[in-house]
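Data block below; observations after.
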């Protein structure tokens with residue numbers, strides 16, 4: 001029996017994704033291995049006696065050679081065991097779970113605003129290219145992408161929180177907060193992220209569509225009497241989807257993995273902040289786990305983008 | 001007499017060139033009555049397409065209507081609002097473009113693109129009705145599987161079928177006027193004849209008026225009631241078709257006719273004991289194992305002679321060129337240069353062997369690097385094969401430019417973008433010549449050019465052949481080119497040689513049935529040729 005081409009492709013890409021993830025585990029583990037200083041010494045402090053340090057090392061298995069420790073770590077991951085935190089001895093999987101949920105919530109919140117906004121602005125800019133609207137949107141999005149995100153974050157905080165008191169400056173979400181409250185309290189970090197990612201997606205949408213407008217089939221659509229809006233939505237957009245999907249996926253991945261600074265600025269209990277905290281406490285297994293989760297999400301989103309881009313192309317879909 | 005359907009008076013259209021606007025169409029008048037077909041002919045750059053589009057009130061980016069008057073069914077097209085003009089396009093005036101493959105949107109099925117104008121844009125009917133009409137039209141245009149073919153995507157349908165599907169699309173709203181812009185130029189002769197007769201039949205059935213744009217006189221003679229000839233944006237003359245064919249008034253019109261009758265004098269056959277410069281022996285080739293594209297192809301070619309390889313697209317002509325150049329190693333057989341075997345792989349050939357076989361490509365646009373100057377393009381093979389540097393290199397480049405009849409001072413520092421199509425093809429010839437080859441493969445080198453420009457290229461090739469004792473392998477689907485330049489002809493079909501003979505023997509009966517079909521598909525000037533040929537084939 002012959003498999004559907006999309007299914008074959010999915011399996012193939014999934015295989016490549018796993019391979020990439022494996023390469024990343026190597027990178028993460030040995031890069032951290034290269035960090036200067038001795039972990040046990042750092043954790044126990046200057047006053048620790050050589051005996052306690054040695055005992056600590058033995059308990060953590062740090063006296064084993066790196067390759068063996070790597071294999072043990074990899075074996076654990078394969079079975080879903082991310083190890084325990086050095087700082088408090090708790091299961092890392094449990095620690096990550098709640099934080100990852102928060103990060104995904106914030107990313108989804110920002111994406112729900114940014115993606116439609118970017119697409120609509122990009123389409124309109126392409127439709128009215130060269131007009132004042134096009135120029136304004138271009139300048140505005142370019143400026144927002146040119147500022148570092150912590151700068152945008154503090155400006156928003158200053159205006160919307162300190163001056164006008166519209167939104168809280170600290171995105172403190174308790175376990176019992178309802179959806180409305182959560183959306184309200186995380187509005188500023190979400191807005192910061194929206195401002196940072198919209199420009200890229202919007203500009204790609206505009207460029208991908210304008211690129212196609214010189215195609216003969218666009219002229220043919222015009223000669224059939226199609227309105228400019230119809231030409232763009234029905235004739236240009238379907239053919240521009242592949243590059244747009246790719247940029248959207250890259251930005252979604254950035255929303256999840258690039259939030260570290262925004263989470264820290266707004267004291268938001270997400271994965272990024274957890275990672276920063278664990279770096280300061282030298283909680284290496286936790287740092288590794290965070291890196292791995294980020295990498296996995298990155299790969300997964302790009303995989304989805306590839307598959308979607310293929311699914312929107314009838315040429316690739318029907319090839320056997 | 002009733003008012004004309006379309007009436008154009010003193011129309012001026014300009015195109016942007018850098019900062020300036022240059023006239024493209026210069027004061028053209030045109031009248032077209034209902035149900036009438038007007039042929040517009042002229043070489044490229046004559047303003048045919050620009051004029052055709054203007055009849056829809058449409059100008060491309062970078063062109064503008066500078067003056068004049070266009071009336072369609074009593075309405076002033078140029079005075080209408082954009083919305084009112086859009087309401088006419090597709091509904092009352094429709095357009096059929098040259099390359100159907102590029103003019104169909106790759107993201108939508110044929111039937112959806114058919115239904116777009118009548119259903120979604122002009123709201124003339126509901127979708128089921130449009131689908132029924134599409135299927136009926138597909139049948140009128142003799143598309144295979146008219147019930148089913150509309151549900152395919154453009155890339156799943158052949159070029160000739162797409163061209164017919166586009167004609168059907170143009171007829172979807174039963175327009176009063178259809179602009180056909182070179183609808184068969186990109187097709188093989190055997191496909192062209194089918195599309196031509198399908199279009200002619202459909203136009204006759206619906207009673208649509210049409211403007212038929214082409215550079216092929218014989219084609220327009222089949223389609224048009226009247227013919228208008230354009231030259232550099234100006235009208236040369238306009239006549240009823242029969243009058244135009246029998247008694248053209250202007251010198252330019254007569255020169256168009258003269259081009260077709262050109263044929264090189266036959267050369268004596270080479271002595272039997274001569275060693276051919278290139279011998280192709282029982283060559284087979286395949287891209288995927290088990291599906292041969294070429295089978296048992298064999299022929300000889302002698303120095304100073306031209307061998308034409310003809311056949312429709314898909315017959316294996318270009319694959320043969322790839323095998324000879326070494327890009328695709330043959331799966332079977334061998335190639336000999338001067339009696340010595342030529343290594344099958346490109347990488348296995350010595351510099352001298354590479355030098356002796358050169359190639360000129362169909363599309364000079366894509367075969368020349370747009371970022372390089374003419375000096376770099378021609379200089380590179382000279383440096384590579386001859387090792388010339390400095391002043392000697394410069395002299396050689398200039399010598400070659402002179403040989404291809406381009407002034408070295410004017411052209412040496414230009415880039416391909418600043419050249420016309422014919423000039424680019426000349427550069428392609430100079431680049432091949434720079435290696436001082438014995439054999440040149442010419443892959444459809446004139447098919448992208450107008451007749452008059454192509455004629456110049458053929459004359460040049462012939463002169464160079466005599467000067468350098470070159471052997472040409474001329475891959476073409478155009479039998480007029482064959483008649484003009486070939487000494488020997490090889491006819492290919494489905495990867496095999498079906499007939500092989502000296503040119504004059506080839507054009508004289510008896511023919512192989514496939515050769516017969518090829519020869520019979522070349523349009524003749526006689527306006528009744530199409531109907532007669534189609535009727536004969538239907539009977540057979």
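Note that the numbers count up from 1, one per residue, in the order the chain is shown.
Glycine residues also receive a Cβ, built from the backbone N, Cα and C atoms like all the rest.
Bear in mind that the values here come from a model prediction, so they are computed numbers and not experimental data.
In TrEMBL, the feature transmembrane segment is placed on A:240-266, out of the ranges A:213-239, A:240-266. Below 8 A, the CB atoms of the transmembrane segment (A:139-162) and the transmembrane segment (A:286-311) form no more than two pairs separated by six or more positions in the chain, fewer than 3 in all.
Proximity of the transmembrane segment (A:104-127) to the transmembrane segment (A:240-266) is established through 3 or more Cβ-Cβ distances under 8 Å for residue pairs spaced 6 or more apart. Same-chain residues lying 6+ beyond the ends of the transmembrane segment (A:182-202) with a Cβ under 8 Å from its Cβ atoms: 105-107, 109-110, 113-115, 117-119, 121-122, 125, 137, 141-142, 144-145, 149, 152-153, 156-157, 160-161, 167-169, 171-173, 244, 247-248, 250-251, 254-255, 259, 262-263, 265-266, 268.
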